[in-house]
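A.B. asks: Sharing a structure, written as structure tokens. Questions coming.
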Amino acid sequence: MAHNQVFPESQKWLKEYLESSLEQFENLFNKNVISTESIRNYTLIRTLGSGSFGRVMLSQHGGDNPQKCYAIKILNKEKVVKMKQVEHTMNEKRILLSIGSPFVVRCLNAFKDTTNLYMVMEFVNGGELFHLLRKKGRLPEYWCTFYAAQVTMALQYLHNCSLLYRDLKPENILLDHLGYLKVTDFGFDRRVQGHTWTLCGTPQYLAPEMILNRSYASQWTTGGLGILIYELNAGFVPFDHKVPLKLYELIVECRLTFPSFFKPTLRDLLTNIIQVDVTRRFGNLRNGALDIINHPWFKDTDFRKILMKAEKAPWVPNLKGQWIHQTFDKWTEESISISKHDKYPDEFSNF
């Protein structure tokens with residue numbers, strides 16, 4: 001298939017969007033605002049998720065519309081210190097407060113008390129893309145192009161802000177009430193300047209250069225995007241094995257096979273994104289994301305319209321009745337205790 005033609009109009013709007021969004025990110029990142037908000041102003045409703053040193057709770061703010069909810073990430077200071085995650089957490093707070101993409105979950109506020117650190121995230125209430133994919137088996141092609149367009153723009157936005165997102169998978173993509181996507185669960189600990197060799201991410205979505213211990217700071221994670229597009233269309237990932245080393249071999253060999261129902265345009269796009277040689281991988285060439293945006297598989301997809309959320313989503317979650325129990329797993333609840341004395345006043349003084 002012929003190399004993509006770069007259309008001037010797509011080049012112009014993408015360039016303008018990336019320039020303005022980077023300027024906004026830099027302005028917020030350099031401010032490092034310290035909030036005096038208190039957790040006592042929130043009603044904690046239920047646990048949405050739990051991790052090594054904290055949990056995420058569905059919450060409401062006393063002064064807001066009672067229908068408006070937030071997802072508050074609550075981190076225990078003592079656990080953060082013991083796990084040597086102070087610097088990571090401080091950097092993550094700064095980065096999350098600076099992000100402003102419509103396809104990335106935003107952090108609206110961050111504050112602390114004597115015991116915990118709190119990050120107030122926008123609550124995306126339609127559940128995970130993973131659950132939709134498991135329910136449907138595989139998704140219609142139009143759904144796939146609609147979702148892939150948003151993830152492409154989310155990854156390009158993060159890359160443009162020097163942020164490396166290394167855990168792309170359906171479980172980390174949420175659906176909002178309009179049926180649009182938001183990427184979440186970043187784990188950002190720094191802005192990438194130079195090179196990084198860290199092996200992290202979900203095994204089936206790892207890029208070959210991560211497994212081969214090659215630096216990958218200069219390449220945005222289009223390999224993971226290719227795996228996601230494949231899985232949405234097929235219902236399964238292209239490389240899988242229960243033995244990790246065997247799985248890594250399959251990823252590095254990169255011998256792609258396609259279901260018979262994959263169209264030639266989809267096969268061509270995936271062959272060029274799921275590509276071991278980063279010098280030939282779409283997204284990393286001279287035209288950047290435009291090689292993906294202008295690919296024939298996306299010929300009926302209006303990226304600008306999707307960016308403005310003016311395109312009607314192919315599927316909208318049903319949020320009536322007991323939706324919270326249908327879209328989020330049940331967790332054991334624990335009360336949030338706040339001590340009188342702060343054992344770590346210096347470590348988190350700038351949080």
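Here, residue 1 is simply the first one shown, and the rest follow in order.
Yeah, the Cβs are placed from backbone N, Cα and C, and that goes for glycine too.
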A.B. asks: Given that Swiss-Prot lists LEU48, GLY49, SER50, GLY51, SER52, PHE53, GLY54, ARG55, VAL56 as binding ATP, which residue among LYS31, LYS73, LYS77 does it place in the same site?
C.D. replies: LYS73
A.B. asks: Count up the helix, strand and coil residues in the domain 'AGC-kinase C-terminal' (299-351) according to DSSP, in that order.
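C.D. replies: Summed over the domain 'AGC-kinase C-terminal' (299-351), the classes give 10 helix, 0 strand, 43 coil.
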A.B. asks: For the domain 'Protein kinase' (42-298), what is the mean per-residue pLDDT, to the nearest integer?
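C.D. replies: Residues in the domain 'Protein kinase' (42-298) carry a mean pLDDT of 87 in this prediction.
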A.B. asks: Which of the three DSSP states, helix, strand or coil, fits LEU48 (ATP binding site)?
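C.D. replies: Assignment for LEU48 (ATP binding site) reads strand.
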A.B. asks: Between VAL56 (ATP binding site) and SER339 (phosphoserine), what C-alpha distance do you get in Å?
C.D. replies: 20
